[in-house]
Amino acid sequence: MVKVAILGASGGIGQPLSLLLKLSPYISKLALYDVRDPAGVAVDLSHINSVAEIESYHGDQLGDALRGARVVVIPAGVPRKPGMSRDDLFNINAGIVRTLCEGIARSCPNATVLVISNPVNSLVPVALETLRKNNVQNPENRVMGITTLDMVRAETFLGDYLNKARVSSVGSKQFDKRRMHKLVTVIGGHSGHTIVPVVLLKPLVYMMKPGEYDRFLNRVQFGGDEVVKAKQGQGSATYSMAFAAHRFVDVVLRSIQRMPTDDAGFTPAYVQLSQLPGGAEAQNKLGAGKAAAEYLSLPVVLRDGRIERIDSSVLDQLSVKEREMLKTALPELADNVRRGKRFICNPAKL
Ligand SMILES: NC(=O)c1ccc[n+]([C@@H]2O[C@H](COP(=O)([O-])OP(=O)(O)OC[C@H]3O[C@@H](n4cnc5c(N)ncnc54)[C@H](O)[C@@H]3O)[C@@H](O)[C@H]2O)c1
Ligand SMILES: O=C(O)C[C@H](O)C(=O)O
């Protein structure tokens, strides 16, 4: 049983994520922190008779919120409005993530840090470089960007399509959408064309009607825009993101508790490949894009809340189309990573 801190707990994602994590059997203390006092959320949640004890912190109490935390989840930051890209959020959210990671370096340097704030592609490098700059040793094995929402979308959209089209020749009449992670995964980054859905059971692609596969890919890549548009200026995905973050945090907590997970070895996260076991192998498989693929979302194998190794076997299963999509993603990802690193390591060049 461990302490988990949520930074940005008063927000659109923070509140439902706090509710879901309050129900976790693996959390003894759940610390809610925000610049907007989450006291009301905390009192409300504290009436639920689940195991986790709720603590509430705001403003200059970041250190108290973080002390003793084994896992820190960061949904702090501004969301998009229609017409904005995730990159447009960089300046404000990079400053927020830097401040929070300086606090993590001081109060819980060994914690696993899970970044939700956008743009994930650039803010994971911001988080890692901030920790390094503040003398945290080997943070690369425990700083991850949460890309699970892309998986959740891919599983939902493919499952819906297969059920609607009555594609039943793989053994079951109705696809269970909760089991779709065996059939599809998502690698790359977390924005538009850097999001690369990979259908693991290739015959499914050939069973789809002409145009449907492309529509599926596009919807996963731009699912975030769909929500931003529908919310008409009131922000971006919150409930589906809280669900996705809870799913990923649960995998991390199970690895600490040595509990089995349903998707062991198939849990993609956006990480710095270059310094992790299995990372060089992944980079080699990426071939021409090697120099560009410093960070990527790939399945990670976790142990004790940390990345034990990268599992790059999915890269052996790519179709020509999926390989092309990854090739398109790599230069954009490299730019995103450069921007994040420069913000911390060489701000004069911004
Ligand atoms: N990774 C993903 O798949 C994914 C999905 C959806 C949204 N997001 C991103 O998550 C972020 C949050 O989205 P939201 O809808 O919850 O936004 P929101 O505005 O509803 O909530 C953000 C919260 O962060 C708080 N905050 C701001 N600065 C802070 C600081 N320095 N310390 C602590 N808290 C601070 C705000 O007070 C607010 O309560 C956005 O950047 C959004 O783009 C990522
Ligand atoms: O689209 C956004 O800005 C939020 C998030 O990254 C998403 O994919 O829903």
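Cβ coordinates come from backbone N, Cα and C, glycine included.
For reference, TrEMBL has these:
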- 2-145: domain 'Lactate/malate dehydrogenase N-terminal' (DOMAIN)
- Gly8, Ala9, Ser10, Gly11, Gly12, Ile13, Gly14, Asp34, Asn93, Ile116, Ser117, Asn118, Met241: NAD(+) binding site (BINDING)
- Arg80, Arg86, Asn118, Arg153: substrate binding site (BINDING)
- 147-343: domain 'Lactate/malate dehydrogenase C-terminal' (DOMAIN)
- His190: active site, proton acceptor (ACT_SITE)
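Helix, strand and coil counts under DSSP for the domain 'Lactate/malate dehydrogenase N-terminal' (2-145) come to 64 helix, 33 strand, 47 coil. Around Arg153 (substrate binding site), the same-chain residues at least 6 positions away in sequence with a Cβ under 8 Å from its Cβ are Arg219, Val220, Gly223, Ser240. Sequence-distant neighbours of the residue listed as 'active site, proton acceptor' (same chain, six or more apart, CB under 8 Å from its CB) are Arg86, Asn118, Pro119, Val120, Asn121, Gly145, Thr147, Leu149, Asp150, Tyr270, Ser297, listed in sequence order.
Cα separation, Met241 (NAD(+) binding site) to Arg80 (substrate binding site), rounded: 14 Å.
Arg80, Asn118 are the binding-site residues among Gly8, Ser10, Arg80, Asn118 whose C-beta comes within less than 6 Å of an atom of ligand 2, given in sequence order.
Taking a C-beta cut-off of under 8 Å and a sequence gap of six or more, Asn93 (NAD(+) binding site) has these contacts in its own chain: Gly77, Val78, Ser117, Asn118, Pro119, Leu123. Of all the binding-site residues in the list Gly8, Ser10, Gly12, Gly14, the shortest Cα-Cα distance to Arg80 (substrate binding site) is found for Gly12.
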